[in-house]
Amino acid sequence: MSPATPALHPSREALDDLEVLRRGLYGPDAGMRPLAVPAPMAAAALEAGALVVEDAEGVPVARVEDLRAVERDGTDGLAGAGAAPEDAHPAPVLVTGRPVWLSEPSSRPFQHLHLRAPEPLAADRVVLVEGLADIPSPVPDGARLLVLASTALDGPTAGNDVVRAASAGALAAPGARVVVVPLPPDAPDRRAALLTTLGVDPARQPRPDRRAAEQTLAIVEGHRPRGVVVLLTGLSGSGKSTVARAVATRLVEEGTPVTLLDGDLVRRHLTAGLGFSAADRRTNVLRLGWVAAEVAHHGGIAICSPIAPEDATREQVRALADGRGARFVLVHVATPLEECERRDRKGLYAAARRGDIPDFTGVSAPYDVPDHPDLRLDTTGRDLDECADQVLAALVAARSGEGDRA
């Protein structure tokens, strides 16, 4: 029996690149760029000789045959072999091959504007749009706005904003038209191939109008509230849940909708069936983070307060929020272990020290102290309202953009 063909769910950038390749927009001789594949999956795929690529909805868009591993310099071999220490996850393997196209990808916003085949564009009418600053004001009559942006139903909104703004400009210009190509970022070779195929000379493009871009951005941002994910992390008994509830209560009292993801309610529904092993706790935090990011993507505020002991998992939650265009606020509730034990009415710490509860964070399992939280808060002897005020201040700063990291 031949081995089963593994299925990969690559990044949106990789899926975009495959879509442009599929449409022939890189030219007839373009090949597939290497895909980063987790090492165990890569081993299985190389044994099977093929890899199925699926989009985020599980739709199989391509089967990569004649599969081979390549080094990062493009030569054959296992990428990153021996680069990671023994106790780390093995580095992903880069693989490439011959794509056989399967189903059409899942639908996405502005799909009707996507260029589906090579189409020479009138050079004197093309306006290359790679950001808001490239949209002329006003759009010339008869212009062809070639927008290089990834549009998505479930990702960052920047590409959607650019296409929306370009479309609005084109509506006011007789004969103007918008075409979209989801070119992945940081791919100068692909960009050059695309523009050559379409007959576009970037040297002939007008200089960006920064003032018009600022006005457009103000309009776009002004219509969208900034969503925020607040993650409070700390030891059991640190007060993170109490502070989270106080913050949520204050927001509701002020008329601001908020989603609180905490406690037994979450365990009964969202994370039902999970235990308290390290793996299950990690899954619990990531599920909370995913839901919180979805809430924030639509302009809402989501507050989570799991122990979340692993820095890597917390950073994954940050990435989930970033991926949905949301703000992320990390609050380290840094109440000392001694105070947490003193508050423990359920006797959990005592049971952990007796060995009755294995892998108890702070006793028999480690806690990674955040290096650079947005707020570090010790609740020892502190007034609850004062603690809530500090979290609210960090939340407001993030929502207004003041908390942006460099």
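These residue numbers are counts, starting from 1, taken along the chain as shown.
In case you wondered, yes, glycine gets a Cβ from its N, Cα and C as well.
Remember, it's a predicted structure, so these values are computed and weren't measured experimentally.
As annotated by TrEMBL, domain 'APS kinase' applies to 226-378.
Residues annotated as ATP binding site in TrEMBL: GLY234, LEU235, SER236, GLY237, SER238, GLY239, LYS240, SER241. For the recorded site, SER236 (ATP binding site), the DSSP three-state label reads coil. Just so you know, the Cβ of SER236 (ATP binding site) picks up 21 other Cβ atoms within 10 Å once every protein chain is counted.
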With a radius of 8 angstroms around the mean position of the C-beta atoms of GLY234, LEU235, SER236, GLY237, SER238, GLY239, LYS240, SER241, what other residues of the same chain does the ATP site pick up? SER305, ILE307, VAL333, THR335, CYS340
Excluding near sequence neighbours, so keeping only residues 6 or more apart in the same chain, what lies with its CB under 8 A of GLY237 (ATP binding site)? THR335, GLU339, CYS340, GLU341, ARG343, ASP344, LEU348, TYR349
Confidence summary (mean pLDDT) of the domain 'APS kinase' (226-378): 92
Across the binding-site residues (GLY234, GLY239), the Cβ with the fewest other Cβ atoms inside 10 Å is that of GLY239
